[in-house]
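Accompanying notes for the structure given below.
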Amino acid sequence: MTILIEQPVLLESHVEGKNVQVVETNELVLDGGFQVPNNESKDAFNAPEINSFGQSFRDYEAESERQKGVEEFYRLQHINQTHDFVKRMREEYGKLDKAEMGIWECCELLNEVVDDSDPDLDEPQIQHLLQSAEAIRKDYPDEDWLHLTALIHDLGKILVLPSFGELPQWAVVGDTFPVGCAFDESNIHHKYFKDNPDYNSPAYNTKNGIYTEGCGLDNVAMSWGHDDYMYMVAKENGSTLPSAGLFIIRYHSFYPLHKEGAYTHLMNEEDFENLKWLKIFNKYDLYSKSKVLVDVEKVKPYYISLIEKYFPKKLKW
């Protein structure tokens, strides 16, 4: 891996008034021609009812020290993710001048990352990627693009590492949401948006905000984080993943949309088609998190072959 820039990105926090740097069907066909097979079999992946901590998945009300940390994370995220902040981050990281490396090299970097926003998992991220990918591979063996999408969907979390700006977790992980329009009440811990500078802005606090109904999510600025960064890296480096794969990468943390049905007024026809795939993917992204670890070396050759099929050998990050 070649690291090109090691300077952290300076952020401006608005905490406490201070400026501190700091329903689906089994036969879906998308434009790319990929048909979702009927995967109802006795060997299909079964979603567990509790996470590895013995609690319900995405239970943000359970009392625990980890949950308190998760709520504090969302307080900081909701205060600081403004339209101006997102614009600056997209301009900075759109340069793709932080490093040059292959996809698998990036997967290995994730051994250094634990997601503070996730109440369901405290294992290194590469295990979550492989758990998701292997579960999908079991149920959808012919959809290799979906296996690879699962493997790479969280690679943008390298933003927390020093060589990629060492961004605070609230600027990397957690649920995502549009900026530039009103914050829908379906967002987790919505109450903290009241301290976001955009909350009372006449330009941003209406349902459509700066957008028009049906404009398409491609034209909507999302809160900055690993989703948008990895989408940007994949697209700008010429990945041949189908549009559904890129959609999953960019919006897999957009829970207000694919779990609560919010913000659909901004979607276009292609978005609705791709959303069907995202809802399928989400089952594996959320419920495959486990303390049972995947044998990395055993499955590595298969995923290397997929990387070579859909990505160049080296990418700019």
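From the backbone N, Cα and C atoms, a Cβ is placed for every residue, glycine too.
Residue density at Lys157 (substrate binding site): 28 other Cβ atoms are found within 10 A of its Cβ, drawing on all protein chains shown. For Arg58, Asp115, Asp116, Ser117, Lys157, Gly174, Asp175, His252, Ser253, the entry in TrEMBL reads substrate binding site.
Summarising the environment of Asp285 (Fe cation binding site), the number of other Cβ atoms within 10 Å of its Cβ, over all protein chains shown, is 21. Here TrEMBL flags His128, His153, Asp154, His226, His252, Asp285 as Fe cation binding site.
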Candidate nearest Lys157 (substrate binding site) in space, where candidates are the binding-site residues His128, His226, His252, Asp285 and distance is Cα-Cα: His226
For the Fe cation site built from His128, His153, Asp154, His226, His252, Asp285, further residues of that chain with CB within 8 A of the site's CB center: Leu129, Ser132, Ala150, Lys157, Asp227, Ser253
Rounded Cα separation (Å) that holds between Asp285 (Fe cation binding site) and Asp175 (substrate binding site): 13
